[in-house]
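Q: The transit peptide annotation in Swiss-Prot covers 1-24. Residues or ranges marked as carbamoyl phosphate binding site by Swiss-Prot on the basis of similarity to another entry: SER89, THR90, ARG91, THR92, ARG140, HIS167, GLN170, CYS315, LEU316, ARG342. As annotated by Swiss-Prot, L-ornithine binding site applies to ASN207, ASP273, SER277, MET278, with the evidence given as similarity to another entry. The active site, proton acceptor annotation in Swiss-Prot covers CYS315.
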Amino acid sequence: MIPTARCGALRQKIPVQAVRQYSSSTTLKTSPFAPRHLLSIADLTPTEFTTLVRNASSHKHSIKSGSIPTNLQGSLAGKTVAMMFSKRSTRTRISTEGATVQLGGHPMFLGKDDIQLGVNESLYDTAVVVSSMVSAIVARVGKHAEVADLAKHSTVPVINALCDSFHPLQAIADFQTIYETFTPKAHHLSSLGLEGLKIAWVGDANNVLFDMAISAAKMGVDLAVATPKGYEIPASMRELIQEAGKGVANPGKLIQTNVPEEAVKKADILVTDTWVSMGQEEESLKRMKAFEGFQITSELAKRGGANENWKFMHCLPRHPEEVSDEVFYSNRSLVFPEAENRLWAAISALEGFVVNKGKIA
């Protein structure tokens, strides 16, 4: 099994004698011109998250029909979006570059061979210099502290394109997919209209799950998570998820179990992700053994009592041990619309945080 780049990947190892290692200063003050950043769905109110999802869906239908909304036309003209990626990427890179171009901007890709946060110069220096030359930074990094420090010292908006703790762009795309699938076309309420829906996550507790759980709490969607023992959601993350539901009239409930059948009971959507992420190569055999019985199959859905018209989602790349071909390529699968929606989610995020300077109404 080839480990994927989504969760907790380690930075490329560099000989100590070859470079000087720096860490970002904790004594330096935050920029007085601090813009608004998107580091996690926890940074958004329920209304803001709803707006980002709805805008993503609306822009999708407008642009695909050949009508680019007036407020988007050339909205990033003359602006450069720096894409600082220390992890390899397919969907995130393509969607971010495509979104920037759609808005008339110039995407500048800086891979791990071009720039490494905290290597050769401090992260503070990198943040200050890069943000002085571009209009936004989209960062795909290892530790959450890296993107948090980058945002702390940047004078332009920073959008988290993945770290070991969160993946907000994926969450926007996921809920756009759910919204387009489950919300009636005649829906005119202020919410996404997903209250009472149930998602079952079967697999590893990772960054994609964490932002999905925060989103679910804000949207009134119940989320049942089944992981093997020892792979549960960390206590600190559970607290953040619970916090996300505060102030919501009917917040989504978070349920944890070690039994997949319990999670999928009465579920409308079954979701999984990679079992072995980059940085976990040495754990591969251990993880494969631990996750036996956690493959999503039609039989699992039937045994657990998933709702009759249940759907399946996966953020990709997918490996066959995570979900059967029968489910992955069936009419229950939303994986390819979900992948496409990464583009529209990126457009919505750039509009909200760069074009509109964080004013999301």
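Placement of Cβ uses the backbone N, Cα and C atoms for every residue, glycine included.
Can you tell me where each of these features sits in the structure?
A: CYS315 (active site, proton acceptor) is surrounded by 25 other CB atoms, counting those within 10 A of its CB over all protein chains shown.
In the three-state DSSP classification, SER277 (L-ornithine binding site) falls within a strand.
Under the DSSP three-state reduction, CYS315 (active site, proton acceptor) is assigned to coil, being neither helix nor strand.
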Q: Of ASN207, ASP273, SER277, which binding-site residues are close to ARG91 (carbamoyl phosphate binding site), meaning a Cα within 10 Å of its Cα?
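A: Candidates kept after distance check: none.
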Q: Drop a 10 Å sphere on every Cβ of the binding-site residues SER89, GLN170, ASN207, SER277 and tell me which sphere holds the fewest other Cβ atoms.
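A: Across SER89, GLN170, ASN207, SER277, these binding-site residues, the one with fewest Cβ atoms within 10 Å is SER89.
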Q: Mind giving me a neighbour count for ARG91 (carbamoyl phosphate binding site)? Other Cβ atoms within 10 Å of its Cβ, every protein chain shown.
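A: Result for ARG91 (carbamoyl phosphate binding site): 21 other Cβ atoms within 10 Å.
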Q: Including all protein chains displayed, how many Cβ atoms other than that of LEU316 (carbamoyl phosphate binding site) lie within 10 Å of its Cβ?
A: 17
